[in-house]
Each structure stands twice: as structure tokens, then as C-alpha cells.
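Student: My structure is below; once you've seen it, I'll send some questions.
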Amino acid sequence: MSRIAVMGSGAWGTAIALHLARQSEHELLLWSHSARVAESIRAFGENRDFLPGYPVPPALAVTVTADAEAALEFAEIIISVMPSHHVRHSYEQIFAPYLTPSHRILSATKGLEDATYLRMSQVISDVLLRRGLDLPLAVLGGPSFAQEVAAGSPTAVTVASKDAAFAGELQQVFSNGTLRLYTNDDVCGVEMGGALKNIIAIASGVVTGLGLGHNSTAAIITRGIAEMTRLAVACGGRRETLAGLAGLGDLVLTCTGSLSRNRTVGVELGKGRGLDDILAGLGGKVAEGVRTTAAALGLAASLGVEMPIAQQVHTVLQGQASPLQAMQYLMSRPGRDE
């Protein structure tokens, strides 16, 4: 039996908690940064703010709290599930006093830190090492809409860690008849796939919003995985990881699925709506690709990696080009070998 604290009560954190709660051998706690959200989940038996319509059955052992100290003192395994721009603050300002050498951490956040271009596991490691802690750390990646995981739809994802024993433990913790985990030791590749696919999903949405057709979508996905792979490999990831669940799998889902917030942002941009208006309409939910684009381009520039699709997504997000102008630019670039 594992004592698990899911730290983050957004859609993805709640879905993970619901999935794990179906396996009765775990003791499980869901932490929310918002006392109001925690109280709402307790009162209504579902997360009406971020994952409405997916009840927490009373028979399932999910304890919801806004008390970080209680959550971390309870936990053996910490599952870190919060927006990328909240990770450093959460670990430095909220979690740090309660972290101990006995903790093991799984990061389920996809993104890059704005100022440093660090992956989420690197951000967490940076905070831990400053406190003299070197904890087992793993990352979760792959095609996994929160709503479908919460509903128990068959899903396959990847867990990556340099600690093979911890990866194997997580594989056992998560795997059941509806969710299959593959293990990997390419932490960089898995995280880069999860972060970069959100940028390409915005581009795919733009194509849909402009009404440009399926050929254009296929081109964006295919050339998108090429530039994702270039940057991931330059950072130390493996090419084959980007061809797996954490790269191509997550990219296809996020570029084509109607539940993708990043794709939705692109669709609405393609239709002519302004970015601020689109983001306001997400109801507090986060489209990570909007923030990740600038960080990915900064990282790519530092490594001499060309990312033309990401660059055009950035110009559209910044209001420097219209969606149609960005697509026309991509189609008029000089010819090259594939």
C-alpha cells in the first residue's frame, strides 16, 4: 500500500486522484492550493471548478485538503500537478518546510519555466538541492486528456526516471485495466515532448480555425514533430522517445482532440478572436502552450535550433502577424530536404 498526495486540484490532478482512488490498496490525498476549491470538492463530491461531471464516489478513499503540511506529512509519494508557472513558487514557498528524505516525487506538469527555460523536473531538483535534498524523481508524459482518464477510458502513458526502481514502483501504482504505463529513463525526452507538443497544438488549431483542411493539419503535425525532436535531442533527449507516447502520441492527441485547450486557443485565434478574450474564456484553466512558446524559442536560440512553426505561433500570440500571414510565411520558406 502506498500513501500518495496529489498536489494540485486542477483537471489533471483531480483525474489522477480519481484514477488512483479506484485501486483500493492506496491511501490517497488530494491537495488544493485553494481552500474554496477544496471545500467545494468536499461539499459536492466533485470538482465543479475544473473537472465537473466526474463524481468522487463516497466509497473511494480520497481526502481533500488545503493543508500542505498535512498532505506532505501524510505522503510517501508526491504527485506534482500544477501549472508550470506555479511549480517553483509551490516548492519554494509552500512545500519546502515539509519535504523530507523519505519523499519520492512524480512530476505530471508539462511545460518550461519562463525565465530559466528549465523543465519541470529541473525546477523541482533545483529547489530540492538548495535544501540539501536529493529525492527520487520521475516524470509522467503521454496522450492523456483528464476527462478521459477520469472516465476510465483506456489510456497509455510513459513514466520516466533515472531511478529504475521508482519508475517500476509507479508503473505498479498506476497500471490497471484502464491505464497502462510504460517505463523509460529518458527524462529529458519525455518532458520535452510534453512541453513542446502544446505549441504545435496551437498551430494545428490555427489551421482548423482558418478552415485550411486536413492536409494542412497533417503537415503541421509532421513538421511539428520534426522541430520538437530537434530541440529535444539538442537538450539531451533521445530521438526514439519523441517517436513514442510522450512525443508523437501526445502530439497527435493534442493537435486533433476537441478537449485540447491549446488546440482550442489556436482554433479561436484562426477565427479572429483576440488572445486575451480566448484565455478569459477558459474559466481559469491553463493552456500551457501560450507560456511555453517563448521559453522554447529562448531555449532553441541558445542551442542554435531552428523552430519555424513555434516561431510563427509566437508571432501570432504576440499580435505581430495574423494567423493567415503566419501560415503563408511557413508555406513560402525556402525549399529544403526533409
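Cβ coordinates come from backbone N, Cα and C, glycine included.
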Student: May I ask you to find which of ASP134, ASP250 Swiss-Prot records for the sn-glycerol 3-phosphate site already listed with LYS110, GLY142, SER144, LYS197, SER260, ARG261, ASN262?
Tutor: ASP250
Student: Taking Swiss-Prot at its word that TRP12, HIS33, LYS110, ARG261, VAL286, GLU288 bind NADPH, choose the one of ALA70, ALA146, ALA326 listed for that site.
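Tutor: My reading of Swiss-Prot gives ALA146 as the candidate in that site.
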Student: HIS33, LYS110, LYS197, ARG261: which of these binding-site residues has the highest Cβ count within 10 Å of its own Cβ?
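Tutor: By the 10 Å Cβ neighbour count, LYS197 comes out on top.
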Student: Quick one: of TRP12, HIS33, LYS110, ARG261, GLU288, which binding-site residues lie within 10 angstroms of SER144 (sn-glycerol 3-phosphate binding site), measuring between C-alpha atoms? Sequence order, please.
Tutor: TRP12
Student: Take the C-alpha atoms of SER260 (sn-glycerol 3-phosphate binding site) and HIS33 (NADPH binding site) and report the distance between them in angstrom, rounded.
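Tutor: If we compare the Cα positions of SER260 (sn-glycerol 3-phosphate binding site) and HIS33 (NADPH binding site), the gap is 24 Å.
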Student: Counting across all protein chains present, how many other Cβ atoms fall within 10 Å of the Cβ of SER260 (sn-glycerol 3-phosphate binding site)?
Tutor: 23
Student: About how far apart, in whole Å, are the alpha carbons (Cα) of GLU288 (NADPH binding site) and ASN262 (sn-glycerol 3-phosphate binding site)?
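Tutor: On Cα coordinates alone, these residues lie 7 Å apart.
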